[in-house]
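Asker: Pasting a structure below so you can have a look.
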Amino acid sequence: MMNQPLIELKNIVRRYGHGDTETTVLKSINLKIYAGEMVAIVGASGSGKSTLMNLLGVLDQADDGEYLFRGRQISTLSSDELADLRCYHFGFVFQRYHLLPHLTAVENVEIPAIYSAMEKEKRIERAQKLLCRLGLENQLKHKPSQLSGGQQQRVSIARALMNGGEIILADEPTGALDSQSSQEVLSVLKTLNHQGHTVVLITHDMQIASHADRIITMKDGEIIADSGVTQNLMKSSAQEVTPQLSSMHYLATLRRYHAAFLMAMHMMFAHKIRTLLTMLGIIIGIAAVVCVIALGEGAKNKVLAEFSALGNNTIDIYPGKNWGDPDAIKIQTLNQVDLALLRQQPYLKGATPQISVDLPLRFLNRTVNASVYGVSDAFFQLRKHRLLSGRWFNAHDMATHQAVSVIDKKSQQVIFGTESAVGKTVFIGQIPILIVGVVETPPQNIEGQRATIWLPYNTVVSRLYNQSYFQQITVQVKEHIAPDLAEKAIIDLLTIQHGRKDFFTFSSRKFLQSLQRTTQTLTMMISSIAFISLVVGGIGVMNIMLVSVIERTREIGIRVAVGAKEKDILHQFLIESASVSLLGGMLGVLLSLLLGGLFSAFTDSIKMQFTFSSFLIAFVCSSMIGMIFGYFPARNAARLKPVVALSQE
């Protein structure tokens, strides 16, 4: 009594086309194939034998009828289960070999084991053993172009055996070979059958078919003759030749991803120019984004550095309703009483008045226009001026109305050239003024046309400019006090003191916050423009990946035939696009650093400030672009039907 068939077909029908163009290629095929048989399916071109082979190897599906594998209905299996069936049970030997041209013989044979998650060392060892067993021990590292037709077909057979090859489906395996190579391949297939493999041989040549124990003849999509089931079936040894697979799912998944990454790298470096051109848009886009962020950060830091010269947590008090008030010049209520009152407030760290007047300054026979500022000794610390030489004027100088002054570095160069100003006496009007210190030129004074000189404000009032009120009072809020609350308290205090609000305030903290918001907005606007180039680069990646899918359609078909699941193909192309984009991102960052160095070499007004966050944004953007724009080509690749993909040249 016969055992359960390994393969059983019941009333299988396969049609192509629709409506008037519909063609029935297979008509009510009924067939049983038992384990250990060597079956030849023979027929002329167009008889349906290749279509039948595709159905047997689950590369295609029937329109009607039932296909049972070991009694299990194939139509109930999911896409992944069908892939597992191809991976662990079927091995294909194609007429045109279908070897990947960029891989060596060993690497071609390894492919099925990648999808069965065999460990790398084991799959290399097994691939080498299979090739040696087939007489290719001297061609292990050869690529298909370096092999003869017979050698390529033996590599194809070794690949079919990689995961055990319980069933060998050979489609015209000798069609492209000379007579000697044909005999060698047939001998190998017969040997495999004697070892227990089920061999199904597809051919149009009855002489080739005669090597099989059972011959099935097809014509016009129907089986017209069957010599009958072989009585002395070879005991299957598939269990003996099937490699042991990992039982740990996460390790298997990791191996698949690792193999996909290596394949992606291989494809990138196999097409260096195309990869570089693909990455060019990403490189330019990432470099633009990083440079814009760095430039914005540098500009912000420069502005903040300049703004720090105005002091931290300072509040300026001016006469008038607001900036540009034409009546402000008539208001004379900011005076010594206000200054004394403000200095008594517990929430303030210090206060300094300011009187300014433009007067000629003379040294020897040289006269320059100067902005003369009357301030207190607390002014320099409050405004964070940096002393370069000499000293500040102090409380004693203030109390005794000393004619001492401090000038800035630019004024020193204008008046004294290369000489030091400290200890020199200049004349403002007819009053001799001793210079006791030199400070760094404040950023707001660098482009000014006048010399700048600071004197004790009471000296200015008593000796130079008789004025009883101040043009400005600046206070500094203590660190632990909220500036907004301090500003409100000052407004309330002076409004009560004056009997009305005839002044306005300017908070450095508010201005700083407004400045930061403006800088961030500008950076975002410019970055969004730069981001457009990233999108263009992403579209370039998608275009190239779409072309790559079309170019590699046959490769996709081969991978699916040897056991790749849809997700394996999807992941491989996604990894390729993400790798291209990430590498482009890295090169873009390097380019931005190079541009930053060149920028610094040509100008020192603004320095590009590169930050970790900008690099992080670059890598996130490049990887996301690779994933997003690579998804659609990858999905198209994963959805290709294997029988259609294999038919592409």
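Residue numbers in this text run from 1 along the chain shown.
Glycine residues also receive a Cβ, built from the backbone N, Cα and C atoms like all the rest.
This is the feature table in Swiss-Prot:
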type	residues	note
BINDING	Gly43, Ala44, Ser45, Gly46, Ser47, Gly48, Lys49, Ser50	ATP binding site
DOMAIN	7-245	domain 'ABC transporter'
TRANSMEM	276-296	transmembrane segment
TRANSMEM	529-549	transmembrane segment
TRANSMEM	582-602	transmembrane segment
TRANSMEM	612-632	transmembrane segment
Asker: Taking the centroid of the Cβ atoms of Gly43, Ala44, Ser45, Gly46, Ser47, Gly48, Lys49, Ser50 as the ATP site, which other residues of that chain lie with their Cβ within 8 Å of it, listed in sequence order?
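Answerer: These residues sit around the ATP site: His204, Met218, Lys219.
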Asker: State which of the following binding-site residues has the fewest other Cβ atoms within 10 Å around its Cβ: Gly43, Gly46, Gly48.
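Answerer: With the binding-site residues Gly43, Gly46, Gly48, fewest surrounding Cβ atoms within 10 Å: Gly46.
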Asker: Does DSSP put Ala44 (ATP binding site) in a helix, in a strand, or in coil?
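Answerer: DSSP call for Ala44 (ATP binding site): coil, neither helix nor strand.
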Asker: Take the transmembrane segment (612-632) and find every residue of the same chain, 6 or more past its ends, with a Cβ under 8 Å from one of its Cβ atoms.
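Answerer: Beyond its ends, the transmembrane segment (612-632) has Cβ neighbours at 282, 285-286, 289-290, 293-294, 297, 531, 534-535, 537-539, 541-542, 545-546, 573-574, 576-582, 584-586, 588-589, 592.
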Asker: Would you count the other C-beta atoms found within 10 angstroms of the C-beta of Ala44 (ATP binding site) for me?
Answerer: 11
Asker: Of all the binding-site residues given, Ser45, Ser47, Lys49, Ser50, which residue's CB has the most CB neighbours within 10 A?
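Answerer: Compared across Ser45, Ser47, Lys49, Ser50, the most Cβ atoms within 10 Å surround Lys49.
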Asker: In the three-state scheme derived from DSSP, which category covers Ser50 (ATP binding site)?
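Answerer: Once the DSSP labels are grouped into three classes, Ser50 (ATP binding site) ends up as helix.
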Asker: Mean pLDDT, the domain 'ABC transporter' (7-245)?
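Answerer: Mean pLDDT across the domain 'ABC transporter' (7-245) comes out at 86.
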